[in-house]
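Annotated features, as they stand in Swiss-Prot:
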- Lys65: SUMO2 cross-link (CROSSLNK)
- Lys218: SUMO2 cross-link (CROSSLNK)
- 59-143: domain 'RRM 1' (DOMAIN)
- 184-260: domain 'RRM 2' (DOMAIN)
- 363-437: domain 'RRM 3' (DOMAIN)
- 480-555: domain 'RRM 4' (DOMAIN)
- Met1: N-acetylmethionine (MOD_RES)
- Ser16: phosphoserine (MOD_RES)
- Tyr127: phosphotyrosine (MOD_RES)
- Thr138: phosphothreonine (MOD_RES)
- Ser141: phosphoserine (MOD_RES)
- Ser459: phosphoserine (MOD_RES)
Amino acid sequence: MDGIVPDIAVGTKRGSDELFSACVTNGPFIMSSNSASTANGNDSKKFKGDNRSAGVPSRVIHIRKLPSDVTEGEVISLGLPFGKVTNLLMLKGKNQAFIEMNTEEAANTMVNYYTSVTPVLRGQPIYIQFSNHKELKTDSSPNQARAQAALQAVNSVQSGNLALAASAAAVDAGMAMAGQSPVLRIIVENLFYPVTLDVLHQIFSKFGTVLKIITFTKNNQFQALLQYADPVSAQHAKLSLDGQNIYNACCTLRIDFSKLTSLNVKYNNDKSRDYTRPDLPSGDNQPSLDQTMAAAFGAPGIMSASPYAGAGFPPTFAIPQAAGLSVPNVHGALAPLAIPSAAAAAAAAGRIAIPGLAGAGNSVLLVSNLNPERVTPQSLFILFGVYGDVQRVKILFNKKENALVQMADGSQAQLAMSHLNGHKLHGKPVRITLSKHQNVQLPREGQEDQGLTKDYGNSPLHRFKKPGSKNFQNIFPPSATLHLSNIPPSISEEDLKILFSSNGGIVKGFKFFQKDRKMALIQMGSVEEAIQALIDLHNHDLGENHHLRVSFSKSTI
């Protein structure tokens, strides 16, 4: 890792980690004032630690080159997107810290992620690596008491024990967040494309429960006030999102704590919303934010669906910057710059590159762990085509469990990766990452290929041929319920049930739309069955010049 020394170079490394290693090796770690001064001043003695190699995963993570004025809360916030932080050791004299995650998997995810995205605290890049030891034990010195109080405050809020969090925060924990407001003031600079209240909600809700949002224009700048359920979430969001762009080279977030401690929302509409009061009126005279802004900027309209619509990821999804790093069930797993699905869909609809993503312009995906006996270019074209216009597909000739899928642009590739990674296809969970290739090469004339490479650049089955297509507003994660459209009048419910059970799947529910019988919902026995049915039956000829359209539904029957 560039700029990072090994965690323990046996017999050669000296300093705070050496001291830490020696103490842990000999028993529970006790950082007394004497040993602290040793760590800060006496580096002369050689030390032989255990011989675990430097890159071996551990629950304990070593953080170096911290700013001298860093708080416990800021250090803890580095681990929050990846899981629960269970212990913290601050070595401020050395500008270092150790944090312990609740699982080795969470720690591994964190280290892998920060390997590709250098974290910055107070404008200073910091360095993260595995520690040489599996467990962190601390004493009750004043420094560690502050660290433990900070941890208690964060973990109490995460577990919903707000009363305990308040009492813990009342202790002088050295956390900046302890006395701060749960309300953030957000300014969006360089507003080239409209940013809606719903896009803000979906971005910021990854860091905690958003209670209220008010948007307004002041000094010719689009601004928002956003209230979290607790100050810890506000601190976490500010640290992660301040200075980031929502879209490529524009819509920069500037975030500060508001002097207000609570927001008073009178109307639920496009300018303000109280998520705790769905009964509030819309306010007839309140102008629609997305319409007025879209008109003012002449930009493609950013989707303004329900804040809950399309926001769910499958149980396993990829943090884009980590090139498809899989994060199972991470609470608040939106890492810095990761754009939620609805905002990504908005970007894709306007052909906007999502900023800050490793290979944001790369439209080629590497799909692995495929079933080589069953996968075909056509099946991948149909499945990935739910999230964008697939240009080319190549199943690797000598490794048929791997394929390259080229989308129309990087935003569509991000959408497909975030929604499909980890889902089962032909009985195997697929793994999706960004490829190092910039495009998929067609085979040369006379080159053996066995039909494993297909060019779909001019396919009539592309769902998103027009920039700003409304189909981008109907992109949802794979689910057991499918949305059917373009059904001719002669086709009955029974006909469709028979059709969808013909590939071995079980139909558990069906209903036509009341107002439009050309559309219906059908529920399969599992998400995997629904994925297979979509692949098999999208564009199926129903007669009378009607070809069935199949997509994943946000609704259930």
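Any Cβ shown, glycine's included, is placed from N, Cα and C.
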Taking the Cβ of Ser459 (phosphoserine) as centre, how many other Cβ atoms lie within 10 Å?
14
Taking 10 A as the limit, how many CB atoms besides its own sit near the CB of the residue listed as 'phosphotyrosine'?
18
How far is it from Lys65 (SUMO2 cross-link) to the residue listed as 'phosphotyrosine', counting Cα to Cα, in Å?
6
Summarise the domain 'RRM 4' (480-555) as counts of helix, strand and coil residues per DSSP.
20 helix, 25 strand, 31 coil
Mind giving me a neighbour count for Lys65 (SUMO2 cross-link)? Other Cβ atoms within 10 Å of its Cβ, every protein chain shown.
15
Please identify, among the recorded positions Tyr127, Lys218, Ser459, the one with the smallest Cα-Cα distance to Thr138 (phosphothreonine).
Tyr127
Round to the nearest Å and give the CA-to-CA distance linking Lys218 (SUMO2 cross-link) with Tyr127 (phosphotyrosine).
39
Here the recorded positions are Thr138, Lys218; which one has the lowest number of other Cβ atoms no more than 10 Å from its Cβ?
Lys218
Under a three-state reading of DSSP, tell me whether Ser459 (phosphoserine) is helix, strand or coil.
coil
To the nearest whole angstrom, what is the C-alpha distance linking Tyr127 (phosphotyrosine) and Ser459 (phosphoserine)?
47
Across the domain 'RRM 3' (363-437), what are the DSSP residue counts per state (helix, strand, coil)?
19 helix, 24 strand, 32 coil
Grab the pLDDT values for the domain 'RRM 3' (363-437) and give me their mean, rounded.
92
